[in-house]
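What Swiss-Prot says about this protein:
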SIGNAL    1-22  signal peptide
TOPO_DOM  23-732  topological domain 'Virion surface'
CARBOHYD  Asn51  N-linked glycosylation site
REGION    125-131  region 'Involved in fusion and/or binding to host membrane'
CARBOHYD  Asn180  N-linked glycosylation site
REGION    209-217  region 'Involved in fusion and/or binding to host membrane'
CARBOHYD  Asn258  N-linked glycosylation site
CARBOHYD  Asn311  N-linked glycosylation site
CARBOHYD  Asn364  N-linked glycosylation site
CARBOHYD  Asn379  N-linked glycosylation site
CARBOHYD  Asn385  N-linked glycosylation site
REGION    422-443  region 'Disordered'
CARBOHYD  Asn424  N-linked glycosylation site
CARBOHYD  Asn564  N-linked glycosylation site
CARBOHYD  Asn630  N-linked glycosylation site
REGION    679-730  region 'Hydrophobic membrane proximal region'
TRANSMEM  733-753  transmembrane segment
TOPO_DOM  754-854  topological domain 'Intravirion'
COMPBIAS  802-813  compositional bias 'Basic and acidic residues'
REGION    802-829  region 'Disordered'
MOTIF     839-842  motif 'Internalization motif'
Amino acid sequence: MAHTGSTVCAFLIFAVLKNVFCQTPTSSSEVEDVIPEANTVSDNIIRQQRNNTAKGIHSDPSAFPFRVCSASNIGDIFRFQTSHSCPNTKDKEHNEGILLIFKENIVPYVFKVRKYRKIVTTSTIYNGIYADAVTNQHVFSKSVPIYETRRMDTIYQCYNSLDVTVGGNLLVYTDNDGSNMTVDLQPVDGLSNSVRRYHSQPEIHAEPGWLLGGYRRRTTVNCEVTETDARAVPPFRYFITNIGDTIEMSPFWSKAWNETEFSGEPDRTLTVAKDYRVVDYKFRGTQPQGHTRIFVDKEEYTLSWAQQFRNISYCRWAHWKSFDNAIKTEHGKSLHFVANDITASFYTPNTQTREVLGKHVCLNNTIESELKSRLAKVNDTHSPNGTAQYYLTNGGLLLVWQPLVQQKLLDAKGLLDAVKKQQNTTTTTTTTRSRRQRRSVSSGIDDVYTAESTILLTQIQFAYDTLRAQINNVLEELSRAWCREQHRASLMWNELSKINPTSVMSSIYGRPVSAKRIGDVISVSHCVVVDQDSVSLHRSMRVPGRDKTHECYSRPPVTFKFINDSHLYKGQLGVNNEILLTTTAVEICHENTEHYFQGGNNMYFYKNYRHVKTMPVGDVATLDTFMVLNLTLVENIDFQVIELYSREEKRMSTAFDIETMFREYNYYTQRVTGLRRDLTDLATNRNQFVDAFGSLMDDLGVVGKTVLNAVSSVATLFSSIVSGIINFIKNPFGGMLLFGLIAAVVITVILLNRKAKRFAQNPVQMIYPDIKTITSQREELQVDPISKHELDRIMLAMHDYHASKQPESKQDEEQGSTTSGPADWLNKAKNVLRRRAGYKPLKRTDSFESTGVP
């Protein structure tokens, strides 16, 4: 991120510089008043400086190229860590040895898989007058049985037919509507080298029938074999192919009786093939060595891969770093491992991990070869002290520790063991002798030798213990001094950055950078390198102008060009070949002044603010303040990047989870496939129904086409009506109108219901609304109600009258139905004609009214 931000800063600075200085090109007189001598940094020095920067060698600041720097607030932000905690190793036991560090392998397990399937394409072709057309096309794929995959993997051949059972009926699809035969597989060109495909039919069979205006169904069967890579990550519960297929099982599943690997696929779809052979296409027909292969039938395709075992094929740990000068310190219940080559320490529990080599056989060769190479480097001074030890850190690292002992200590211990052995031998021999032999002359010599051996033993033991304690003390002091020195250096850099942040950061980076303190942090940005051949210093350092005769530049003015720019720009030469962007660094002119300015490989001498001569930089003596310490130089310390965010946090930070998306997509695709299979078993598959109906209509010829067109027209009409209603409802105004009508209907129903309730409660008031007025004015109008007997007579008369009218109405309806016929239709037609002429039918009257006319 730092390099990216600095690059962006450099481009922004370059753009700002072009906008600022494009309007101030130098005049011709200023161009002529430049120093003609060579004054630029040579290409060889620039190239050497860049190579040194790439190798981590800090170059002389005077060899930096001419450049324009600007401390921008948008640069990379840094701060110095001023608080460190050094380990307290006092009175601790220190051991030196070889440290091997293994990190957890996050690279997925990659293996080869093969995908087999047969793709069936059924097309309905219309033979038109002017052109043919594909009116319908259905594509589906099916898996391939193992007996046929053997032919595909060995001789690259397959059968061009497919048998499918639908609703208890066997359907046979044959390529080009021909007969079943063996066809060859041919390679297919692809974009990726990791995916290779072979197929048998590259073209779709779409030839129309011989009947003009007729429909014909064509079938294409294509055998396809895809060889690609699959990836799996721990805990190996699924793997994904490069073409997007997901298998919910471990790639190390083997169907063993004590199987521990996960398998989420149905057992009926899994097959283990023994002595299976896969041949490369170039060597088809040969007989390679057989192997065990796993097959899974996904209904739409078959997938296979070679059986592998986890502890052999996949290694959980990957070698990261090795150190032959590490220190192990015991701190109570934990162990601290420190190496001078990296700025980090590792701590683990003081218990070893026993099951590492048993579960991960792949580590044996790596550990053995790495230990052998590291021991060869320290073989002259150290020797192994015991066997290798294995520890696991809390961060998930595996540490392999091989204790070492110095050769001097080993020689001293060998001498001590030899003396002890000789002393024990002498003691044993003395006890077996008789008392008479103990009084012999030689017994005095043996006693003296035994005493001398005891003294020698104590001296050797003291020397051994003292040397061991001193070595431990030296290792302890080195460990603490190294930590304190790093802390002091960090504090020193922090304080120096307050004085000149650009020099400090350039020294740390080893290349020219621009730095500026913005509060408590430092903003660092790249410098823009100008065209080295265009940099020229002016002869005079006096400020031009009549009113500025007493002013002179404190730094010599310089003209330069940017790379890929033809305009000349003016500035002032700064320190270490830096070009200042302004010409405001002026001072009052003094008499008899001398100035020396370094630019590139030359030193420019100015007398009275006028250039006098140019001399090489080497002619000026240097003040050597470097004190050489005649010791072996400390090895370089490379700062390692500390992982701020864990792998899980990085995975969760993205908005797209590609693995989950693919798994869910394939999962629901398989669910739809299962649903389609169920529908096929129930003989209600829509595609099969449409295909069967289309075949029936084709067999009927013209009649079938007429029926098909009529059915299509009716279906289209109803579809248009339904679609129109749905679209009308979807429209905002239509939806509001519909809701308004529904509300009106609901209100009408409520009002009618209330009216019916009122009629049932008080029918007389509903029929005669003036009954209340009559009741209130009964005394004034002197109206007396009839008796209940008279009321019953009136109600009975009304009932009888209504009962007598019902048979007559039924007879009129029956007579009307009997008279309805051709004559009735004729009378109706005549009535229509009469109405057009202006005639109207007469109104009927009751019989008693007609008879009453005189």
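Each position is counted from 1, following the chain as shown.
Glycine is no exception: its Cβ is also placed from the backbone N, Cα and C atoms.
Neighbour density for Asn379 (N-linked glycosylation site): within 10 A of its CB lie 11 other CB atoms from the protein chains shown.
Within 10 Å of the C-beta of Asn364 (N-linked glycosylation site) there are 10 other C-beta atoms, taking all protein chains into account.
Panel annotation: around the transmembrane segment (733-753), residues 727 of the same chain, lying at least six beyond its termini, place a Cβ under 8 Å from a Cβ of the stretch. With helix defined as DSSP H, G or I and strand as E or B, the region 'Involved in fusion and/or binding to host membrane' (209-217) counts 0 helix, 3 strand, 6 coil. When Cβ atoms from all protein chains are considered, those within 10 Å of Asn424 (N-linked glycosylation site) total 10, not counting its own. In the shown protein chains, 13 other C-beta atoms lie within 10 A of the C-beta of Asn180 (N-linked glycosylation site). If you draw a 10 Å sphere around the CB of Asn311 (N-linked glycosylation site), it holds 14 other CB atoms from the protein chains shown. Among the glycosylation sites listed (Asn180, Asn258, Asn385, Asn424, Asn564), Asn385 has its Cα nearest to the Cα of Asn364 (N-linked glycosylation site). Every protein chain considered, the tally of other Cβ atoms within 10 Å of the Cβ of Asn564 (N-linked glycosylation site) stands at 6. A helical conformation is recorded for Asn424 (N-linked glycosylation site) in the three-state DSSP classification.
Recorded residues Asn424 (N-linked glycosylation site) and Asn385 (N-linked glycosylation site) have their alpha carbons 25 Å apart, per Cα-Cα distance.
The glycosylation sites in question are Asn258, Asn385, and the one with the fewest Cβ neighbours inside 10 Å is Asn258.
The helix, strand and coil residue counts that DSSP assigns across the region 'Involved in fusion and/or binding to host membrane' (125-131) are 0 helix, 2 strand, 5 coil. Look at Asn364 (N-linked glycosylation site): DSSP puts it in a helix. The glycosylation sites near Asn258 (N-linked glycosylation site), taking a 10 angstroms Cα-Cα threshold over the set Asn180, Asn311, Asn379, Asn385, Asn564, amount to none.
Distance between Cα atoms for Asn180 (N-linked glycosylation site) and Asn379 (N-linked glycosylation site): 73 Å, as a whole number.
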